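K.L.:
This is the structure I have questions about; it appears just below.
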Amino acid sequence: MTRVFNFSAGPAALPEPVLQQAAAEMSDWRGSGMSVMEMSHRGKEFMSILAETKALLIELLNIPANYKVLFMQGGALGQNAILPMNLLRGRNSADYVHTGEWSKKSIEEAGKYCRVRVAATAEASRFTHVPPQGSWDIDPHAAYVHICSNETIGGVEYHWTPDTGDVPLVADMSSNILSKPVDVSRYGLIYAGAQKNIGPAGLTLVIVREDLLGSALPITPQVFDYQHLAANDSMINTPPTYAIYIAGLVFQWIKDQGGLEGMARLNQAKAGLLYDTLDASGFYTSPVAREDRSRMNVPFRLPDPALDAEFLKGAEARGMVQLKGHRVVGGMRASIYNAVPMAAVQALVAYMKEFEAKHG
Ligand SMILES: *Cc1c(COP(=O)(O)O)cnc(C)c1O
């Protein structure tokens, strides 16, 4: 079996031991005589998988007892609508911080359900920085303040937790959840699509403070009503069972790597190596403000876009795939999520130096 070094932004690389365990358990999960895919979601086998997956997540993130963990569907983009439907709580507006492509999508969708105020924007820098807290204009009557904690396309990440006072802080953590310790108690709600740092596409994770539940708009679809989901342990209808199972294996793998502290150390080392290489080079450039650079998604440019195709071709020949940047930013992007090993970044850096020596 040959595995590539996969720098995909999502769906993204999964830890190899997780894939191997899933393969070993594929047709007979632990003596049940069934694949997890074939199990009744209300049977004792799957109920135990769900309970263990949830317990592991609570342990990893140290989620306080007054928070609910929900396993949903519809992706992070689904949450852009589901959020205001559930969290307006009689208020008519919500604040959003605009840091790039994903927060833009959140703003546009929320606007269908409430008045959206942009409390801060990074537009002036063409979304290459996080607006400092001092520039935020938060409406104290806002239902919540929404941020995207890591802009997957722009490669901009919060390395601090905003203080929004009594207004609940809501974060789209799709692309940096579980990459470092997080103080969940600072957030009203955290959501994430699974396909970056958690597991397969099709599962969406929501962590929500209990006191925010119970005032969903009457139009809210039953399966997207947080309160209803919480009361039914995410089992109103069939949850994405196989994706939940794989997420559980990933959580166990993270725990085995030293939990979120271990992940943070590894991610810092990987991102540090890549950014040091960019900074030491007179050839490659990073478009993002130094203090706001993402440890998960690293966009970089070659001096001439005419070299992009050759760079990508050479990378592929060396077993490194999905390095093409998003069309909005151009250039390259290396997504180096939890499951991307240090060896992948070392191989990339070696190739970048080789390419620079040839073309620089
Ligand atoms: C990938 C991504 C999304 C979109 O997630 P879907 O699950 O495809 O809806 C939203 N926000 C961020 C920050 C992302 O990285």
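Residue numbering: from 1, along the chain as shown.
Including glycine, each Cβ sits where the backbone N, Cα and C put it.
Values in this document were obtained by computation on a predicted structure and should not be read as measured data.
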K.L.:
Since TrEMBL lists TRP102, ASP172, GLN195, ASN237, THR238 for pyridoxal 5'-phosphate, which candidate among THR121, THR128, THR152, THR220 does it give for that site as well?
P.N.:
THR152
K.L.:
Can you name the residues of this chain that are 6 or more positions from ASP172 (pyridoxal 5'-phosphate binding site) yet have a C-beta less than 8 Å from its C-beta?
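P.N.:
The answer is ALA76, GLN79, TRP102, SER103, SER106, HIS146, ILE147, CYS148, SER149, TYR191, ALA192.
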K.L.:
Cβ under 6 Å from ligand 1: which of the binding-site residues TRP102, THR152, ASN237, THR238 qualify?
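P.N.:
Those binding-site residues that pass the cut-off, since their Cβ is under 6 Å from ligand 1, are TRP102, THR152.
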K.L.:
So if I measure Cβ to Cβ from THR152 (pyridoxal 5'-phosphate binding site) and keep only same-chain residues at least 6 apart in sequence, which ones fall under 8 Å?
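P.N.:
Counting only residues 6 or more apart in sequence, the Cβ neighbours of THR152 (pyridoxal 5'-phosphate binding site) under 8 Å are ALA9, GLY10, GLU101, TRP102, SER174, SER175, LYS196, SER294, MET296, ASN297, SER335.
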K.L.:
Please report the distance from the Cα of THR238 (pyridoxal 5'-phosphate binding site) to the Cα of ARG42 (L-glutamate binding site), rounded to the nearest angstrom.
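P.N.:
One finds 9 Å between the Cα atoms of these residues.
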K.L.:
If we count other C-beta atoms within 10 Å, could you say which of the recorded positions ARG42, LYS196 has the fewest?
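P.N.:
Minimum Cβ neighbour count within 10 Å, taken over the recorded positions ARG42, LYS196, occurs at ARG42.
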K.L.:
Max Cα distance spanning TRP102, THR152, ASP172, GLN195, ASN237, THR238 (pyridoxal 5'-phosphate binders), Å?
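P.N.:
This binding site's residues have a maximal Cα-Cα distance of 31 Å.
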K.L.:
From the Cα of ARG42 (L-glutamate binding site) across to the Cα of ASN237 (pyridoxal 5'-phosphate binding site), what is the distance in angstrom?
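P.N.:
Here the two Cα atoms lie 10 Å apart.
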